[in-house]
Amino acid sequence: MSAEEISRLRLEIAELNAACNDKEKRLRELENTTSVIDKLSNDDIARYSRQLILPNFGVRGQLKLKQSSFLIVGMGGLGCPASLYLASAGCGRLGLLDYDEVECSNFHRQILHTESRVGKSKVSSAYEALKAINSHCQIDMLGVLLNSGNASEIIQSYDIVLDCSDNVPTRYLLNDTCVALGKPLISGSALQLDGQLTVYNYGEAGVCYRCLFPMPPPPKAVTNCGDGGVLGAVTGVIGSLQALEAIKVALNGTGGMEVLSKRLLIFDGASCSFRCVSLRGRRKDCSACSNVPLIPNNLDYEKFCGMQASDKDYALKLLMPMQRVSVEEYKDLIGKPHLLWDVRQPAEFEICKLPNSENVPLKTILDDSFVERFKEQLQDKTLPIFVLCRRGNDSQIAAQHMINKFPKHNIRDISGGLHAWHYKIDPNFPIY
Ligand SMILES: Nc1ncnc2c1ncn2[C@@H]1O[C@H](COP(=O)(O)OP(=O)(O)OP(=O)(O)O)[C@@H](O)[C@H]1O
Ligand SMILES: [Zn+2]
């Protein structure tokens, strides 16, 4: 045997040994991860002791939670309490999805975000808060807008999805994607003092959102928290119940726990009462969950619903430039005779207003009796009228309505409303 052959064999043995070591290392890693998921550690036992001793939850329930993954869409009023209870209960993996940043109008209900995190993304703010409570929970930060281009890829890697969003296009998108991928969807909503909760697409007979609402509501019939208001404790009730239902789904409704599927829970915070109504069964011709689904891939959900999924840069363009004035132009006209109509709701008008403005809510303006009164009562038909609201959308609707009725009148919208007034004219004027 030549010296050359000996050194070649030595090299081969060294390479085989190195490969063998790698494989052993990988095997140990795999054994460790499996045993971590299959067993409770001493820390787990101490931390979760109060739920471990529940007879219908116990070690089996805790392990199930540890092995389950949950995607929370929306880290706002519902997503904050829902994720808080899921992370602290010991769920294995949580995906936090939201495109938005923390603002101070969030604090009264979005309980994971803090003053020091204003301007940060909601997902990173929530990550910090949740990790501080349970460092064992694996948390994925998904700082994106969920749309038909990314929904399937994101949702497929989670077991259970929680709809904590606040708009109709996202509700349809989540429903259709969860149906297509066979994922249960825990759906919650809260507005003013009312809340609703149900679990869609759970089990063989579970109904889906489209079984109940095959078509979206007209955009005008939809109000969100930014416009209609909401009490923080109400979102707390519904978000916490979403976490409870998600835990029951993870445990597959065993141990005497009945998942809220095919039933809708209605919460009335004003009287503090809960009502549960049965939902009729799955629609045979449902375009999402029937045997012949009809939802095209990459459906444009914003177009389908006629509404935006994101409240960023929402600016109506109803009027022509000559029918509008900027806040700077309006400021220069302040000393001259005119009427200033603020078309916000009375509760908003009470928060803050411009001097000499009169509160004429949009709803009143759109009422025929107002138009009649206006026709008869306005003495000076040449008096210019300026219309104003919070962000310059409702004021355009009001101005357009009046311009159509009284084309000869000088009626103009103040572009950008009170928000523009704050940013361009008076930083001391409050915004909300
Ligand atoms: N398609 C979507 N993709 C990602 N996040 C979404 C989507 N739709 C809604 N959201 C998020 O869901 C959350 C809903 O929560 P909520 O209505 O309490 O908050 P908000 O939008 O901050 O409220 P406000 O109307 O007061 O501004 C928001 O943080 C919003 O950014
Ligand atoms: Zn359906």
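Just so it is clear, glycine is given a Cβ too, placed from its N, Cα and C backbone atoms.
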Segment assigned the feature coiled coil in TrEMBL (from 6-33, 34-61, 202-229, 370-397): 6-33
Listed co-binder of ATP (same site as GLY77, ASP98, SER105, ASN106, PHE107, HIS108, ARG109, ASP166, ASN167, source TrEMBL) among LYS66, LYS120, LYS122: LYS122
Neighbourhood of PHE107 (ATP binding site) by C-beta distance under 8 A, where only residues 6 or more apart in the same chain count: HIS113, THR114, GLU115
Candidates near ligand 1 among the binding-site residues GLY77, PHE107, CYS289, judged by a Cβ under 6 angstroms: GLY77
Filtered recorded positions, from SER105, PHE107, ARG109, CYS225, CYS289, whose Cβ is under 6 Å from an atom of ligand 2: CYS289
GLY77 (ATP binding site): tally of other CB atoms within 10 A of its CB: 28
Secondary structure content of the domain 'Rhodanese' (334-430), with strand meaning DSSP E or B: 41 helix, 15 strand, 41 coil
PLDDT averaged over the residues of the coiled coil (6-33): 76
Residues GLY77, ASP98, SER105, ASN106, PHE107, HIS108, ARG109, LYS122, ASP166, ASN167 [recorded ATP binders]: greatest CA to CA distance in Å: 20
